[in-house]
There are 2 protein chains.
Amino acid sequence: MMDFARTRKLFYMPDGVIYLDGNSLGPLPHSAVERVSSLMTHQWGEMLIRGWNDAQWMTMPRRIGDRVGRLIGAPAGTVVMGDTLSIKVYQALASALDLVEDKSRRVILSDSGNFPSDLYMAEGLIKSLDRGYVLKVVAPDEVEAAINETVAVTMLTEVDYRTGRLHDMKVLTAKAHAVGALAIWDLAHSAGAIPVDLAGAEADFAVGCTYKYLNGGPGAPAFIYVAPKWADKARPALSGWLGHERPFAFDLTYRPGDGIDRMRVGTPPIIALAALDAALDAWDGIDMADIRQKSIALCDLFIREVEGKCPSLKLGSPRDGTQRGSQVSFIHPEGYAIMQALISRGVIGDFRAPDAIRFGFTPLYIDETDVRAAVDILADIMTNNLWDQPQFKQKALVT
Amino acid sequence: MMDFARTRKLFYMPDGVIYLDGNSLGPLPHSAVERVSSLMTHQWGEMLIRGWNDAQWMTMPRRIGDRVGRLIGAPAGTVVMGDTLSIKVYQALASALDLVEDKSRRVILSDSGNFPSDLYMAEGLIKSLDRGYVLKVVAPDEVEAAINETVAVTMLTEVDYRTGRLHDMKVLTAKAHAVGALAIWDLAHSAGAIPVDLAGAEADFAVGCTYKYLNGGPGAPAFIYVAPKWADKARPALSGWLGHERPFAFDLTYRPGDGIDRMRVGTPPIIALAALDAALDAWDGIDMADIRQKSIALCDLFIREVEGKCPSLKLGSPRDGTQRGSQVSFIHPEGYAIMQALISRGVIGDFRAPDAIRFGFTPLYIDETDVRAAVDILADIMTNNLWDQPQFKQKALVT
């Protein structure tokens, strides 16, 4: 197995913390502080407006898009950064509905394991379009059977944010194509977590965020992938000036830019992109197959240890590592309090309503020792009911 | 006149630079570097995911929205930060079209002095809606006459990005309301440039960016204002999870949050918000009336000096300061080369196609001495045709 001692050193980890929430917000890469500080001082400060040319800010969304693309099986020039994941979902869905051949179809197919914001954005788009589109939400294991000739677009998150259950992107995309539908994939819990092969799976669109496994920082920019076959045909819906063929001609009418560039909208968030760019350095030379191997080993170990030591916790994730992303959930009616107790002891995971405690395993900086230590603390909390205290039951704004 | 020596010291200015482009990208506030660095190190690094609660990241878009609100006449709780200006235009327009009483109206009225991205976003929305909406673009001085019973929404930028020509927000909004239309205002070149009274003008929606006069940094987050009367009725169109009534309930269906919160979409860009928050400190205790007084004085001086020393340059902005924002343009067929020559001598303004050289005047850090020195250099360039060199005619990606 590959040794990740090198990458572990790239991240700051507070003393006494075992961080099993990198699937929600990745930790700080040491180099990001200096990178951002340097961009602010030497580029923004010294170059001022000239930074757009002299420091090549304007092309950052494409350059960084290519770096992300390498991790998700996207060819160079097919990914661009910008906005938030929710905005990118909207663009992908609006484009896909436009491109689907049979315009009479009205079903957007998703599942109840999709992240709610994706569903909300689809709802908002459907209301705007007011053309009778229906968002059909089935159980995750019913998706494949529900892909039929009524479906215009499938809109799925590859890895279920609560359970870690993994959809088979290749199989479901092929099924969508076989019935004449287009496939959109949300890679929020995939990018940097598992090997993804967008080109090989012939996905039509993909979107994702970069603050989880890619460690870009709180609210880091999102990405969108458009398959080369659609790149010059897709209508971006959110047609902003930086997606225009010639933004600085300041024409009064919109002409979409070439290929993926048309998915750009407004002025890119340069400071945030600098942090992300620094974070992506950790991935240089990393093979996602090595990440996957270690990720499965860590998750398997965690499951085995928790089941051995905490019998009241019920596994909420697939047991088979090949059917799972890089996270594990356990179910308990007092999940919220248990997670607060864990956090108070330095083991940071998170809680997903109504009853899941969720743990992310991130090979870049988490190893077997962390897993064992975390389970020992969890076992102490469970065995001695240490979670059963008022201060652990007080709900915070963000869970 | 108020003395701005205090605020001038808050910004970094490279040696030898006279910066007359703060209307495009404000300069670096010294405190922003430390603020961002501290947020990254002490909040992201130490708190990790807990920052969302413990450092109150989740409420930053509202807290900072209130700080911006004070500068644009918006009551507390009516402004929220997020996304880019183009995205916020889309939200405002989609909401306004929904709210207008007479649903048979099909005209969105704008003018040729609006920033192209606003027009592009409207085009994109119109195509999505596919309900026969028409974007009617008239000359800026024809706007008032064009506001009639066919108009659903007026969508105007208060200060023309090329000429600085100022629309009368109060008069045009009243006219829009008189005919039963709603009024959206883009404050890109207003916020921090001139006194704005959104509440007094009874504007329905307003949007703006923060990287110009508010000095938030390249690609800093945008803002949106919704009039209190619409706040609980507006449909955000881009209905993301952070605009949901209870984001962390992870419901499968969307319920808009209270008031301005529903205009939030995805996860907020915390690092960028920290830079902006630091930049806004410069505005503490500043009265926009003082800014306006000095701004007009600087612009008037610039016009007088340029017209006296550079007869081949033709004023492209209103001569009357009360009809102008905080910027001045001059027209010349060789404007691009002239601006490049100026920049090579340390006087930074910008060029707006086809023939305008544009200069922003920002009282927080620019004074009379700067203006006189800039004009002397401009006069030297014009008198001696120093712009007429090949290296000044080569077009850059970003102008």
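Even glycines carry a Cβ here, placed using N, Cα and C.
When the candidates A:Trp230, A:Trp241, A:Trp283 are compared with the pyridoxal 5'-phosphate site entry in TrEMBL, which names A:Leu85, A:Ser86, A:Phe115, A:Pro116, A:Ser117, A:Asp118, A:Thr157, A:Asp186, A:His189, A:Tyr211, A:Thr267, the shared residue is A:Trp241. Counting in whole angstrom, A:Phe115 (pyridoxal 5'-phosphate binding site) lies 14 from A:Lys212 (N6-(pyridoxal phosphate)lysine) by their C-alpha atoms. Residue pair A:His189 (pyridoxal 5'-phosphate binding site) / A:Lys212 (N6-(pyridoxal phosphate)lysine) shows a Cα separation of 7 Å. Candidate binding-site residues: A:Leu85, A:Ser117, A:Thr157, A:Trp241. Nearest to A:Lys212 (N6-(pyridoxal phosphate)lysine) by Cα distance: A:Leu85. Those recorded positions from A:Thr157, A:His189, A:Lys212 lying by chain B, with Cβ under 8 Å from one of its Cβ atoms: none. Sequence-distant neighbours of A:Thr157 (pyridoxal 5'-phosphate binding site) (same chain, six or more apart, CB under 8 Å from its CB) are A:Gly113, A:Asn114, A:Phe115, A:Asp118, A:His167, A:Trp185, A:Asp186, A:Leu187, A:Ala188, A:His189, listed in sequence order. In the three-state DSSP scheme, A:Thr157 (pyridoxal 5'-phosphate binding site) falls into the strand class.
On its own chain, A:Leu85 (pyridoxal 5'-phosphate binding site) has A:Ser117, A:Asp186, A:Ala188, A:Val207, A:Gly208, A:Cys209, A:Ala222 as residues at least 6 apart in sequence with a Cβ closer than 8 Å to its own Cβ.
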